[in-house]
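These come from Swiss-Prot:
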REGION    18-47  region 'Disordered'
DOMAIN    403-438  domain 'EF-hand 4'
DOMAIN    634-669  domain 'EF-hand 7'
REGION    699-718  region 'Disordered'
DOMAIN    741-776  domain 'EF-hand 8'
REGION    1246-1307  region 'Disordered'
REGION    1303-1501  region 'Interaction with PARK7'
REGION    1407-1501  region 'Interaction with AR'
DOMAIN    1434-1469  domain 'EF-hand 16'
Amino acid sequence: MCKMAIIPDWLRSHPHTRKFTHSRPHSSPCRVYSRNGSPNKFRSSSTTAVANPTLSSLDVKRILFQKITDRGDELQKAFQLLDTGQNLTVSKSELRRIITDFLMPLTREQFQDVLAQIPLSTSGTVPYLAFLSRFGGIDLYINGIKRGGGNEMNCCRTLRELEIQVGEKVFKNIKTVMKAFELIDVNKTGLVRPQELRRVLETFCMKLRDEEYEKFSKHYNIHKDTAVDYNVFLKNLSINNDLNLRYCMGNQEVSLENQQAKNSKKERLLGSASSEDIWRNYSLDEIERNFCLQLSKSYEKVEKALSAGDPCKGGYVSFNYLKIVLDTFVYQIPRRIFIQLMKRFGLKATTKINWKQFLTSFHEPQGLQVSSKGPLTKRNSINSRNESHKENIITKLFRHTEDHSASLKKALLIINTKPDGPITREEFRYILNCMAVKLSDSEFKELMQMLDPGDTGVVNTSMFIDLIEENCRMRKTSPCTDAKTPFLLAWDSVEEIVHDTITRNLQAFYNMLRSYDLGDTGRIGRNNFKKIMHVFCPFLTNAHFIKLCSKIQDIGSGRILYKKLLACIGIDGPPTVSPVLVPKDQLLSEHLQKDEQQQPDLSERTKLTEDKTTLTKKMTTEEVIEKFKKCIQQQDPAFKKRFLDFSKEPNGKINVHDFKKVLEDTGMPMDDDQYALLTTKIGFEKEGMSYLDFAAGFEDPPMRGPETTPPQPPTPSKSYVNSHFITAEECLKLFPRRLKESFRDPYSAFFKTDADRDGIINMHDLHRLLLHLLLNLKDDEFERFLGLLGLRLSVTLNFREFQNLCEKRPWRTDEAPQRLIRPKQKVADSELACEQAHQYLVTKAKNRWSDLSKNFLETDNEGNGILRRRDIKNALYGFDIPLTPREFEKLWARYDTEGKGHITYQEFLQKLGINYSPAVHRPCAEDYFNFMGHFTKPQQLQEEMKELQQSTEKAVAARDKLMDRHQDISKAFTKTDQSKTNYISICKMQEVLEECGCSLTEGELTHLLNSWGVSRHDNAINYLDFLRAVENSKSTGAQPKEKEESMPINFATLNPQEAVRKIQEVVESSQLALSTAFSALDKEDTGFVKATEFGQVLKDFCYKLTDNQYHYFLRKLRIHLTPYINWKYFLQNFSCFLEETADEWAEKMPKGPPPTSPKATADRDILARLHKAVTSHYHAITQEFENFDTMKTNTISREEFRAICNRRVQILTDEQFDRLWNEMPVNAKGRLKYPDFLSRFSSETAATPMATGDSAVAQRGSSVPDVSEGTRSALSLPTQELRPGSKSQSHPCTPASTTVIPGTPPLQNCDPIESRLRKRIQGCWRQLLKECKEKDVARQGDINASDFLALVEKFNLDISKEECQQLIIKYDLKSNGKFAYCDFIQSCVLLLKAKESSLMHRMKIQNAHKMKEAGAETPSFYSALLRIQPKIVHCWRPMRRTFKSYDEAGTGLLSVADFRTVLRQYSINLSEEEFFHILEYYDKTLSSKISYNDFLRAFLQ
């Protein structure tokens, strides 16, 4: 029972009845069946409905709702037909077939939108109850519709009875039955299976017993295994049905008479469920009247029932629940009629119902009074039905015209001056649609049958006015109509009327909108829009206007988006045909008055209204001149704007052709003869006419009589010309108001004025703007105007400065423009930043000099500590106080007042306001060999060596003690670690070691841990790692002590040749140590290390090895261009290296970097983005961390960190974020320590494990970048972001590990590849550029490398993968792994050739005396210069500016890395070998500096 209660009633079996039940009575059953028995009636239509792709989702939803409401029973039966399993679901294809056959065809996208709104089952099928409820508003679980009666027949029907009943059911609804057959017949074969035939009959006709169907199928030769032709079956059923009907005609007539007699006994509407066809015999007004009467009687019951259905007391119930309550206590009305009735009360079936407001309208006494006509009475005759239809139309018309009756009568009298004069049907219908209510074609036709029974085509206005007055009198005397307030028209009808009205008056409506929107922004004010709507739609109430505005209102500004309204009507652009322009204040009455003035006779007006396709009337010369006068005198903005669109400015002239276009666009079309006469009259010259000349001519008094005296060419007098100009004070007063009238905001005006789109406007542009605003100034007055604004002719303005000009505020003559104010503001900001940095340095110098002095490592020849720019900068960056280059220069100038470039400790502390103390303020001795370039005395070297030896001796002694007491220490550690975590704190470790007889200070213990590589976590140490390190130190502790006793070789005193030999000796004597060091770097045992790591290891073993010596060493070994060095080959074969066999030795060394995994590359890319985000938005990210850290623990959770990464870096997948989280500093509770994170990622180079080695030193030799990794990751910063003030610079004496900066890929000589590609790209470069732009969504000028490879294959460019890789490396200009397609296409299409010269002349290189020192001139050097000459000559000016931007000090010299970066930035075709030869020529002294002026001068002779 419970299961049956859940299933709707209409899913249960049909009962059967032997009586004939008709939805409406027919006069003769024979006529019905003879019509239905026609063969064409059940033949499938040959036409196929086509889906309309222009329908929006809202349109589809509205149409589906309407059709489901009308055909709900058919749809339910169709779903039941396909739902063979009775599980209340159908497949997606079955749902689409039902929608296509029974409702409307849909496109694939439209069907997907419908499907997306239905919850699918777990098996992917569609619950069709949800579909009907969602799109039809049918709550089938509450208000189910039964399939038939409830009882089956006990006796078996005869064959004749079956044929008659089945035939009646089939042919009464033949279209639905045919659609059901076609629904099953998916392949359109015309055949169905016998079981499917039975399902159709039982679903759409009646239930059949097995013996009845067996008898029926045997009669029609339907076998179980044979397909049935349903067209033939229906044809045979039709023939047999006609024969049977003739036999039982008498009984049928008797049953019909009994049914009609039974219906005639009813005095009111049936309280039980009745057929919709019976309700159709009553008008909606009568149903409404009796519905209100019955509701007033059951008001309390209805109120209690609705209150019970609103348990939350929100005041809203569903539409279906409202219908159930009203069906129970008032009338059980069919759903379609109920929806129409509720629309009269302003209710919709798709929204929640405010039941309290609904009942309030009936609770008032006047709302409960009804007419004295009593209950509904059924009208049987045709005349009475037609009469009621006419009354319905008149009632509907008067109900909606009661408020507008006066304006309706006025409009009728205006259009027809005679009170009893006729009016055409078209004019009458247009007035009704505009002033009253929109009538359908059938309703208007029935109204015309009463007003124009003779079908003359005209309507007597006096007759219609009498009907209006009579209706008003009747409504005053009638208690029902007087008491009842008219219902507002439903919004759907109002919206349709508004759209129709706008469509009819499209051009006038659009012109009036544009008159309020001169800038064509698509927005106007709400009040202006209301004025326009009252002109064209006076019937629009305030509530309807608010509803309309809510759909097309801009939320931000509150203005009306009228183009959105036009788009809803189906108009995407301005109308093409332009009738006469309608001014702002021209109402509909004025339009009718114009018709009244002309007033042609009735036949002419009829002809004009019928002929809708005629073109706009051509105007004569006199009419156009009169129109010109009005436009100039009233300053019509539409005409002026259209004129200026062609002339660009008031002084600009337009030709005769453009002037005619202006006339046509502003609604003044003329034929050629009249136009020629017009140009003659207004004095149009061959060179054209400006707007000022045109306006001056028509403002002149002689132009007042164009009919009598043709106007002379406009030659304004001098007084008029002077009066046309205004003074500077008047312009200053009018400028803000005119600007506000012409543009919606200052940005629009600035964008219009900035013709070259560079973000800057000059005073000439400002003058053009004033002319556009019709503010005409003479030159001297314009200069005075600029003076009032604090400007001058040479000044330029950006947008913020221009915006200040547009603000309404008093201007002063001594007020400067913002361009002069802005640098002062920046100066104030920079001074504030400098002062903050200065105060921080003061605090650190007073309290923590040891921390501050770690960055102060340089001394002069006298042993005094000195400071340079980099020392202060490194200190500030170490304390997370970054300054811009300009701010730092101001801070340094505050200390270095004499401009020496360095200051002493005494001078620095004096500037800080601190007294100098030699004992306290001394250089830091820690890490003394890692300082950046200093000059020391020999005595200082000896002191440093002594300190180093003492620390080494202490470390050896401590190590010996630890090894002697290893077992005791191990037992003590195990005993101390009671939690068994293997970790103990440093303090606890010191106590244990002291108890075991190995007393160590915290500094000594820290030094040991660092030397052994034992890591610390939250000030705790894994003692197992510590003990293991002690054991491993046994082998290294017994090293021979000769090296300790002997002084290390000082490479700084050797020349490069001697340095190479000494390096060979060091490598031979320290192979084991070198192998250990290289193995620590080569964790994957590939045999390769990066060039930067290789150089660092050698410099660690070769004391004081300079960069020049190291570079010379790499060149001798021919490995200076190798990004990866095979250290195993180097150690095994360097002892037998000879300079004579250097080439052969280098060729045998294995080449190629080890392959990297895609995940590692992606991780480096993410870390680079994270580093870039932190450095560029440091304070913002810090603030976000602090906002999350509400407990002030300096930690945040994993989810909070991920949210910041998603917002500041990029949205990461779970796998990517897991790998990133593993690299973050996390405490024991799994929370991120964001101070450590910020200090790690805010430095110039991201010190991350995955990024180690990806950056290279900006030097020659070891600075050769990583080809395989650098080009595939975005770790290296783009060249455009490497500003001179923020990039790291290395000193020649700086170890590689301390000066690692983001590197760039190597130079590439792709000239042969590009030369071969030119022929192929010449024919397809436009299409290639288009494809690249489509892939470049962000419009950055570059695309992914994979996209470029795909385009190479698509356009068949015939280049190998290696060549593609070379091109990708070359055009990765931003070092972000992307391909700069614009530069690539330009280099292939723009063929630059060298300057042609005579055979006796060749390019010269500077002589040696012009340069300080020049290197060797090789053939490779000359060939490289000759090849790149055209490119350098083409772009040498911007290249020189770029060189200067990298040369901060203005020395004319650049480092090798910066020089390489600039060459890559301009796509210079150079290989690394050629680059090496250029360096040899321009840097013979190996100073790692290139004179870029000497380099450029070679190409400019």
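Just so it is clear, glycine is given a Cβ too, placed from its N, Cα and C backbone atoms.
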Sequence-remote contacts (6 or more beyond its ends) of the domain 'EF-hand 8' (741-776), Cβ cut-off under 8 Å? 518-519, 521, 523, 640, 644, 649-651, 692, 724-726, 731, 734-735, 782, 786, 791-799, 802-803, 806
Counting each residue once, how many in the region 'Interaction with AR' (1407-1501) are helix, strand and coil under DSSP? 58 helix, 6 strand, 31 coil
In the domain 'EF-hand 7' (634-669), how many residues does DSSP assign to helix, to strand and to coil? 21 helix, 2 strand, 13 coil
Within the domain 'EF-hand 8' (741-776), residues counted as helix, strand or coil by DSSP: 20 helix, 2 strand, 14 coil
Restricting attention to the domain 'EF-hand 7' (634-669), give the mean pLDDT. 79
